[in-house]
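Shown next, in structure tokens, is the structure this report addresses.
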Amino acid sequence: MSTAVSTASPRAGSTTSGPRRRRLGSTGIVYLALVGILVVSAGLVAAQGGSFFSQGNLFYLLSQTSLLGFVAIGQTFVILCKSLDLSVGYVVAWSSLVAATTMAGDPSRIWLGVVAALAVAAGVGLVNGLVISKLRVNSFIATLGVGLIIKGYLDTQFKGPSGEVPKAFQGFGYTRIGPVPVSVIVLAVVMVLGVVLLTRTRPGYHMFAVGGNIDVARLSGIRTDRSIVLAHVLCSLCAGIAGLLIAARFGTGNALVYTYGYDLNSIAAVVLGGTLLMGGRGSILGTIAGVLILASLDTVFNVLDVSPFFKDVLRGAIIIAAVAMYARRQIDPASSRARFKALAQSVRPGSRGGPGGASSPDRTGPAGPGSAAGPENPSATTGKEATR
Amino acid sequence: MSASTPTTSPTTPGGPQATTGNGFSRWVQRVTSGSTWTVYALLIVVFVAILVMNPSFGEPMSIMAFLKKASPLIVLAIGQYFVIVSGEFDLSVGSLVGAQVVIAAKLIDGEDSMTWPVIGLMVLFGLAVGLVNGLIVTLLKVPSFITTLGMMLVLYGAIRLWTGGAPTGSLTDGFRQWGRGGLPDTPGQFQVPFAVLITVVLGVIAVILMRRPFGRTLVATGDNDVAAAFSGASVWWVRTRAFLFSGFMATVAGILIGGYAGVTAQVGEGLEFMAITAVVLGGVVLGGGRGSVVAAMAGALTLEALFTLFNQLSLPSTIRPAVQGVIIIAAVAYAAMPRRSKAVPSPPAGVPEPTVPKEPQPAAP
């Protein structure tokens, strides 16, 4: 409980600027961590006589980023809605197959292949969303189940790689404009679209509201089912783009792509990026930073020739450590002890403890991207000061 | 099996059903109400289907062989139940099982005298993993999904790093008997497998635990951890103990699987999702606070029975995941449906009731 004391003392002096500082720090700290990891990586590589920022390494880093990036951006929408998508890996595999088999090496069918792959992906997202919102199946089970169904279909239908991607479309995977791969430019476009959607449009606001508290959102007149379905469709679309990218890189579609672990990796990236697994709070920029962190770890391990098994150990440890660090920051001093929190804020109806361990601090912390929770925070802090 | 009702009755919103009719229609209502009873009905349906396909399955020896095969998953489901009912996840059990088997093979290495010390060491290792998981989740406030996902990666990598990629060493017969031996030690005739005995003992212990203050506190914590904290439960220690149990159960499952199937590099892969599926199939709500441990065990049994049924139907092995996916979605959707129709009339009535949590949310972890 020393955390409560140590975080409380600096905040006591700055009660007025508290919320603003916190808001800045939320994604800021992720980028700080990214810079830190880049610096350490560069140092380690330099110590071995190499250069981390060489053309080859950067290209490797960027191509790693773009693949996971698409999936993780999609996963961000879903996690913001307090949902989860474990089927993305299978969607990536499926859309790569659909694209490759539709194109069948014919350059004139490129657009048909792209549209078909994205349509299949969107269809999966629609099913996911409907199963979760209409049938009330827990998202974990729903997307796991849909993923298994796709896996069964893919394993039965496709033995090994199939289809052929025309040369023209393979450019999506390999060509660069200057030093920047085309896929990264597409990723940037998707990212900007996602950011605009989440921070400037009504459906985006609704997603935050649904993730924050679905009952309150519904009572406020939001069609919560639509938000959830939209989030899942967008998520699967993003996974579909990743599938197209894979098809372009491999030159063919491959069902075994689903063993690459995009499902869990994308969730890890999203959470590394500071988005709450409990929903209602997070950003796409943070997710991109999370993806960059994972990709730069991958790059530096590659350059240093670390054993792939040791990579897994380090990756696991770093993910836990990073999220522990965020959780520490997000623990509101006033909520670290449930008793005092309740005294300070009188009674809050519906402050139901969610499933996760970190739920109670999140509920009472300055939630959401908006400033709605702003005024509460100083009062909570002062209330806490009063009780101490 | 009926032992499960008292465990759940304080938490399931099953009260209003008591208004209707005679015993039978009440029973029908209960089975179809989407509570933990659904899984028993499903289990019976699957068993009847298997028996219709293959009447010889009903012989005691085949039943015992089936139970022996199902034991590890049931044991894992018990451990996963503790964690899920307390409102968390444990994704690390699959790689923990794999790690335990590999550890056993490497350390025993065919040396008979090493069997028991190594089993002791495995138990300690399992408990240590559970403790680390639990403490990271409760004290460092890392969501359990991430914690156990990280632990999964760490264990997966560490074990392969230690053995250099492929498992080495071999297991002794003394170790393997727990997974494949039976009580009257005459192979070829009827015997009660040790695995089944171990599973029954663990199941009974779990049921007793869930009726003791620990179990009550665990369910209360999963339902609403803030309320549990207010009523004086030390939430962190209760949850940590749940993770300890999960680690222990994964160890036992590892011993059983190692004995039954031997050592391979892939052992344990995907078991975490199987265990979670089994528990959810048993009507335990992800997010915690609802469900009984016996139903979770029945869920595991049902899942294994389904796989047996797929075998009987000689489905191509590749289509199995698809059928499994359909069934888990259907089972959970079915379980969620009646409660929804009961709960829906109240919210649109205008007044936001304070009892919103009564409707099980489609909660993400």
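Start at 1 and count along the chain as shown; that gives each residue its number.
Cβ from N, Cα, C; glycine included.
All TrEMBL annotations are machine predictions without curation.
Note that the structure is predicted; figures quoted are calculated from it, not measured.
Per TrEMBL, the listed range annotated as transmembrane segment is B:267-286 (candidates: B:267-286, B:287-306). Residues B:144-163 are the range that TrEMBL records as transmembrane segment, among B:144-163, B:324-343. Counting residues 6+ beyond its ends, the transmembrane segment (B:70-87) has Cβ neighbours under 8 Å at 93, 97, 144, 179, 193, 195-196, 198-199, 202-203, 206, 218-219, 221-223, 225, 238-239, 241-243, 245-250, 252-253, 256-257, 260, 271-272, 274-276, 278-280, 282, 284, 286-291, 293, 296-297, 299-301, 303-305 in the same chain. A contact between the transmembrane segment (B:267-286) and the transmembrane segment (B:116-137) is absent, since fewer than 3 of their C-beta pairs, 6 or more residues apart, lie under 8 Å. Among residues of the same chain six or more beyond the transmembrane segment (B:242-261), those with a C-beta under 8 A of the stretch's C-beta atoms are 68-69, 71-73, 75-76, 78-80, 82-83, 85-86, 88, 90, 92-93, 96-101, 104-105, 119, 122-123, 125-131, 133-134, 137, 171, 175-181, 195, 198, 202, 218, 267-268, 271. For the transmembrane segment (B:144-163), the partner stretch with the most Cβ pairs below 8 Å, chosen from B:37-58, B:116-137, B:190-210, is B:116-137.
Tertiary neighbourhood of the transmembrane segment (B:37-58): same-chain residues 1, 30-31, 66, 281-283, 295, 298-299, 301-302, 305-306, 308-309, 312-313, 331, 334-335, selected by CB-CB distance under 8 Å and a gap of 6+ residues from either end.
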